[in-house]
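According to TrEMBL, the protein has these features:
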- 6-24: transmembrane segment (TRANSMEM)
- 31-47: transmembrane segment (TRANSMEM)
- 77-96: transmembrane segment (TRANSMEM)
- 116-132: transmembrane segment (TRANSMEM)
- 152-171: transmembrane segment (TRANSMEM)
- 252-274: transmembrane segment (TRANSMEM)
- 311-340: transmembrane segment (TRANSMEM)
- 360-381: transmembrane segment (TRANSMEM)
- 411-431: transmembrane segment (TRANSMEM)
- 443-460: transmembrane segment (TRANSMEM)
Amino acid sequence: MIFNTPLFFAFFIVFLLFYGFVFLQRRPRVYLILVASLVFYGAWNYAFIPLLVGSAVVDYFLAQGIAAAPAGRRRKILLGISIAVNLGILAVFKYADFAIGSVADLLRLLGYEPSLSSLELILPVGISFYTFQSMSYTIDVYRGDMQPRRGLVEFTAALAFFPQLVAGPILRARQILPQFHRLPLPTWTNAKYGFLLITVGLMKKTVADLLAGPVATAFDSSGPVSLMESWTGVLAFAGQIYGDFSGYSDMAIGLALLLGFQIPLNFRLPYFALSPVDFWRRWHISLSSWLRDYLYIPLGGNRGGNRYRNIFITMLLGGLWHGAAWTFVAWGAFHGALIGATHKLSELRLFAPFVQSRSLWMRLFKWAFTFYLILIGWVLFRAASLEGAWQMLVTLHSIGAALPSPSQGAALVFGLVAAALLAMHLMDYGVLEYGERLAQKPWGFWPALVTVQALCLMIGEPSSEFIYFQF
């Protein structure tokens, strides 16, 4: 069940009808959200509902045990069990076949012919998101950042909350659990702001789907591709993944607002970033902040002489979080190197004035160079293999080489792709700058948004899943 389909809208309308019946009753609302979330999740595969619920049950009781145990070894053991269970679930379902395949490839390089067979397990939708969310709860309780919550149903409903269950944003327990305890009622202003975000998210998802064609031409063609079409494809993928993922986040936040819940923004105009560090303050904010608080800082953060090692490890594992493939590992390593280099240059006396300069021309240069680096990273992310990524990178920088001539209208397609990418950023800018003011408008303004939503549902590709569902 995908947000940008009539089926989901029908599901949500039916849910709202039931929600209205129990609007002022706290307990029934929690149960209704839990049931709706499990139905929503089960629409992909009901066999994975026990895995989701089991993860919630295990961490709920482990958190109780951590809080009750005296400081010392027992608390560490209970926390270790929570981390082992969550990472074990990820390891089995997401990384087992990758590990088996990598070991088999290594043995072949050494001259052996292994008889290893893959598990071929189906990857549960959203597993990377809800395991991180659940694991952060036990870690926060262990650190003393929050007290464990009483109420297994409430905790499970918060973990399975359907607007953000399958592709985030990744919520901290202290962000969402207090809201499930209070169950705030939605205000008209929040509801209208949520409706606006849903519309913007649908528009971005529709644009992202339209960009899939140039992406496939560049990355999935069996033969060589022209220089123009290669750059068009890379630029289109930058727009596709941004519109697809940020569009989902917008809709998730909007749906939650309609129910009275506040979910933090996950994107802040990422392609306007002036450095790789700035990019990760704007892109997939819930993941980058999670990695900072639960991996980078525990590794040592900026302390001691291991800052760059800690950055690199964090981004390397962040890349692996996205998918079980060497291309994602390379993408994470690439960004780790970029972030480390940015910090190092800012410390060098020779480069510090340039890095810290706020002049218009220097800001334009930093933006253009950062955007170029981000595009290079997307090649690693999108390519089917490291060999394919290398071939694409060679093509992108083969000015004057013997490449196929671009097809007729290639320049126009490039311009349209660039315009689509800019348009999506302008949508976000409008929401960030004027969204709250638009939410104050009378309801007469909103039929236009309903019309836009209907058009997006008609134009959009019903079988097109969100890219981050695979993670």
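A Cβ is built for glycine as well, from the same backbone N, Cα and C atoms used for every other residue.
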Have the transmembrane segment (252-274) and the transmembrane segment (116-132) got at least three CB pairs under 8 Å, pairs 6 or more apart in sequence? no
Between 31-47, 77-96, 360-381, 411-431, who has the most Cβ pairs under 8 Å to the transmembrane segment (311-340)? 360-381
Folded-back contacts onto the transmembrane segment (31-47), same chain, C-beta under 8 angstroms, at least six residues removed: 1, 11, 15, 18-19, 22, 53, 122, 124-126, 153, 156-157, 160-162, 165-166, 259
Long-range Cβ contacts under 8 Å made by the transmembrane segment (360-381), restricted to residues 6 or more beyond its ends, are 234-235, 237-238, 241, 270-276, 278-279, 322, 327-328, 330-331, 334-335, 338, 354, 389, 392-393, 396
Intrachain residues whose Cβ lies under 8 Å of the transmembrane segment (6-24), provided they are six or more past its termini: 32, 36, 39-40, 185, 255, 258-259, 457
Cβ under 8 Å, sequence separation of at least 6 from the ends of the transmembrane segment (152-171): give me the contacting residues as numbers and ranges. 30-31, 33-34, 36-38, 40-41, 44, 52-53, 55-57, 60, 125-126, 129-130, 132-134, 136-137, 177, 179-181, 245, 248-249, 251-253, 255-256, 259, 261, 263-264, 266, 284-287, 290, 466, 468-469, 471
Residue numbers, six or more beyond the limits of the transmembrane segment (77-96), whose CB comes under 8 Å of its CB atoms: 51, 55, 58-59, 62-63, 65-66, 69, 118-119, 121-124, 127-128, 131-132, 134-135, 138-139, 142, 320, 324
